[in-house]
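Encoded as structure tokens, the structure appears first; notes follow it.
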Amino acid sequence: MNSPFTRHFALTFVANTGLAFCNWLLLALISKAFDDKQLGQVVLALSILSPLFLLASFKLRTLLICDRGEQPLLAQYFHARLLANLFLLALLPLIWGKLAPALPFEFLLIIGLYKFSDSWFELHISLLHRLEKFALAAKWQTSRALLTSLTLLVSAWQLDSLSAVLWAWLSITLLLTLGLSLSNRILAEKQLGQSFRPVHHLLNRGWISRSARLYRTHLVLALALASSSLFVYLPNYLLARLQGLEAAGRFAIVSYFLVVGSLLVTSLGQIAQPRLARMVQQAEFSALARLTLSLCLTGFAIGLAGWSLAWLAGDWLLSLLYRSSMAAMQTELCWIMAAAAIRYGYLFVGTSLNAFRAFGVQSVISLAGTLTVGLSCWLLIPTKGTQGAAQAMVIATLLEMSLYLAYLLHFSPRLRSRLA
């Protein structure tokens, strides 16, 4: 891979690592300073709202990068994201009553506002990636990671209330998101020559109509994204329902080890996405196939390294990072990292399909995987508990991998014909 690719990957990886560390730090501090029930409450709120906000995102960050032809003004993507996320925030009381009545509504509200802010921040980072300003994007992400980590550490040390810690966590996120939004508005208007004020057009009928067309056009992609996220969040939700909040909390902090490998995979995908889109546009299919294979092998190697670490030193890591009683979850960690190795090996096939705009394929495969992990959890959790949830992840990833292989072997020639 050439030096610009490597440099951009390194910047993006460091930035993503920092943000993921913040999310892990929140759960780790709760596990150390508060009880398992409160940890489970936060995990349950995240498990419910994260897939919903991903659904409301309509994966506009990918479209913002991949759309290279005659497409809407870039500000239209931001209008669509804002409108959908505000609608979801308005539904929070209904979500609370139907899906999580046992949760304190305050926790659901804080996490809902956090996901709203995080979604807006992410879309602005994608705009910087579209403009290939990877260094600037990394600076914003790293600044957010450092300030959020500092806020969490100080608030957990000084405050006795979990809700106060969560409000502090939310406040710093909102502040940095506002700063990035203002900075990007100036940059986009200067560099693109486009008006970039989607908030001013929030209730404009023309803008709403165009956003609605984006929703209809990309609903399948949004469903695929939300469905894929349920691979992580559905086991937490079902554990909370079938085994209690405490089991869901313990499983969530163990399964967060998935994020370590996902950082590398996500960073590679974010950097490769513009390059893959250009290859499709220029019909460089052989080069695209080689790059995709290289990425898939890299992903599998990352997952295999993670599984090896879990098998050799998982109990020590869990004791070190959380508390000594968590060492008993090493078996779950090994199953989870086995699922990660399989998953990282095929996720880049989806990245390449994004470049072809073959979103329907991923939707079907993600849905099949989600149904499989849900059914497997439902069958295995009552008898095997958290270990059953981890095994369900392996079963689902094996199915998804098989479906991707079947598609590549029998249907991939159709992708070229679409561009002929």
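For all residues, glycine too, the Cβ spot is worked out from N, Cα and C.
Nonlocal intrachain contacts for the transmembrane segment (9-30), taken as residues 6+ away from its ends with a CB within less than 8 angstroms of a stretch CB, comprise 1, 38-39, 42-43, 134-135, 137-138, 140-142, 144-146, 148-149, 152-153, 156, 162, 165, 169, 252-253, 256, 259-260, 262-264, 266-268, 270-271, 321-322. Annotated transmembrane segment per TrEMBL: 9-30 (among others), in sequence order.
For 42-66 (among others), the entry in TrEMBL reads transmembrane segment.
Beyond the transmembrane segment (78-96), the same-chain residues lying 6 or more positions past its ends with a Cβ under 8 Å from any Cβ of the stretch are 48-49, 52-53, 56-58, 60, 103, 105, 108-109, 112-113, 116, 119-120, 123, 196, 198-199, 201-202, 207-208, 210-211, 214-215. As annotated by TrEMBL, transmembrane segment applies to 78-96 (among others).
Residues or ranges marked as transmembrane segment by TrEMBL: 165-187 (among others).
What TrEMBL records for 219-239 (among others) is transmembrane segment.
Sequence annotations record features per position, and here TrEMBL assigns transmembrane segment to 251-272 (among others).
Sequence-distant neighbours of the transmembrane segment (293-314) (same chain, 6+ residues past either end, Cβ-Cβ under 8 Å): 1, 257, 260-261, 264-265, 268-269, 272, 330, 333-334, 336-338, 340-349, 351. Feature annotation from TrEMBL assigns transmembrane segment to 293-314 (among others).
Residues 31, 231, 250-251, 253-255, 257-258, 261-262, 265, 296-297, 299-300, 302-304, 306-307, 309-311, 314-319, 386-387, 389-391, 393-394, 396-398, 400-401, 404-405 of the same chain lie 6+ residues outside the transmembrane segment (326-346) yet bring a C-beta within less than 8 angstroms of a C-beta in it. Summarising the annotation, TrEMBL assigns transmembrane segment to 326-346 (among others).
Residues annotated as transmembrane segment in TrEMBL: 358-381 (among others).
The feature transmembrane segment is assigned by TrEMBL to 387-409 (among others). Residues of the same chain lying 6 or more positions beyond the ends of the transmembrane segment (387-409) and with a Cβ under 8 Å from any Cβ of it are 231, 235, 238-239, 251, 255, 331-333, 335-336, 338-339, 342-343, 345-346, 349-350, 361, 364-366, 368-370, 372-373, 376-377, 379-381.
Contact between the transmembrane segment (358-381) and the transmembrane segment (165-187) is absent: fewer than three CB pairs lie under 8 Å, with pairs separated by 6 or more positions in sequence. Packing against the transmembrane segment (219-239) from elsewhere in the chain are residues 43-44, 46-48, 50-52, 54-59, 62-63, 247-248, 251-252, 255, 258, 343, 359-360, 362-363, 366-367, 369-370, 373-374, 377-378, 381, 385-386, 389-390, 392-393, 396-397: each is 6 or more residues past its ends and has a CB under 8 Å from a CB in it.
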